[in-house]
Amino acid sequence: MSSQLINGKEISNTIRTGIQKEVQDLIAKGITPGLAVILVGEDPASHTYVANKEKACKELGIYSKLIKLPEDTTEEDLLAQIKQLNEASEIDGILVQLPLPKQINEQKVIETISPLKDVDGFHPNSVGKMLLGQETFLPCTPHGIMKLLEYSNIEVAGKHAVVIGRSHIVGVPMGQLLLQHDATVTYCHSKTKNLQEMTKQADILVVAIGRAKMITADYIKEGAAVIDVGMNRDENNHLCGDVDFDSVVEKTSAITPVPGGVGPMTITMLMYNTVQSAKTKLA
Ligand SMILES: Nc1nc(=O)c2c([nH]1)NC[C@@H]1CN(c3ccc(C(=O)N[C@@H](CCC(=O)O)C(=O)O)cc3)C=[N+]21
Ligand SMILES: [Mg+2]
């Protein structure tokens, strides 16, 4: 079967063109959207993601403020920084890059961010609203995946969607958004028995495990759409996903690559949320 390559880079660019227009309109009205990114420590992958976020802001005309803090930053100092940003009128969105060093309680950090500036959609206030189907900031990766499906004309309603992974950042909200679009949703995780039996029922399979190339052809139903959230390094230090792309591609009707699939969409939806936040300043 011939498979559709879901080009996240291209879909991102299409959506970013629309966002750029919105930014220009806001700037014309005296409002420059602003995003603050706090990066604690020296994790190289985090530095790459943050650099990509900065680049996207620059391209779209969004003001970005990067705050780099040392690995040994205290929780108290980080919370104080966040509180300042909560009050800063030039800042519409606050993102604290995860994971954080072990001396810092992530949940406490997330709950300190003003829900009005929670462009990651991780605050309990945002999570609760999402669960209830109320308007709020949606978490960027699951929201980006819904956009990939939409722009690729992959129907969700009535389909069996299987999500592997139950993180608060990806798996759990992913299943919820798919449910809201009328999919039948199954969650799988590390304690799931007979994972292959589950995934072989998926019309739409979303993989967010964090293990390089774990999902091979044996896990895939013929004609499935496969979305790979993984971001790993293989034995040659090349970026790769959780899906063994070469093994599964022929069985799929559509599939995302890594890189160039979900990653760019995560950043695009962050830009989207930041602009949505800035728009609340309009009279
Ligand atoms: N508070 C918070 N919010 C996040 O949204 C968040 C986070 N913490 N911590 C880490 C994860 C991961 N993440 C990615 C963003 C962009 C790419 C991305 O741009 N990927 C490119 C390639 C990147 C590369 O070249 O290494 C691609 O897939 O094409 C990947 C991963 C956001 N995250
Ligand atoms: Mg993380």
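Using N, Cα and C of the backbone, Cβ positions are placed for all residues, glycine too.
Annotated domain 'Tetrahydrofolate dehydrogenase/cyclohydrolase catalytic' per TrEMBL: 6-120, in sequence order. When the domain 'Tetrahydrofolate dehydrogenase/cyclohydrolase catalytic' (6-120) is classified with DSSP, helix, strand and coil residues number 61 helix, 18 strand, 36 coil.
For 139-281, the entry in TrEMBL reads domain 'Tetrahydrofolate dehydrogenase/cyclohydrolase NAD(P)-binding'.
DSSP gives GLY165 (NADP(+) binding site) a coil state; it is part of no helix or strand. Under the heading NADP(+) binding site, TrEMBL lists GLY165, ARG166, SER167.
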Query = Using DSSP, how many residues in the domain 'Tetrahydrofolate dehydrogenase/cyclohydrolase NAD(P)-binding' (139-281) fall into helix, strand and coil?
reply = 55 helix, 26 strand, 62 coil
Additional residues surrounding NADP(+), by Cβ distance to the GLY165, ARG166, SER167 centre under 8 Å = VAL163, ILE164, HIS168, ILE169, VAL170, GLY171, VAL172, TYR187, HIS189, ALA208
Ask   = Far apart in sequence but close in space: which same-chain residues, 6 or more away, have a Cβ under 8 Å from GLY165 (NADP(+) binding site)?
value = GLY171, MET174, CYS188, HIS189, VAL206, VAL207, ALA208, ILE209, GLY210, VAL229
Message = For the domain 'Tetrahydrofolate dehydrogenase/cyclohydrolase NAD(P)-binding' (139-281), what's the mean pLDDT in this predicted model?
response = 98
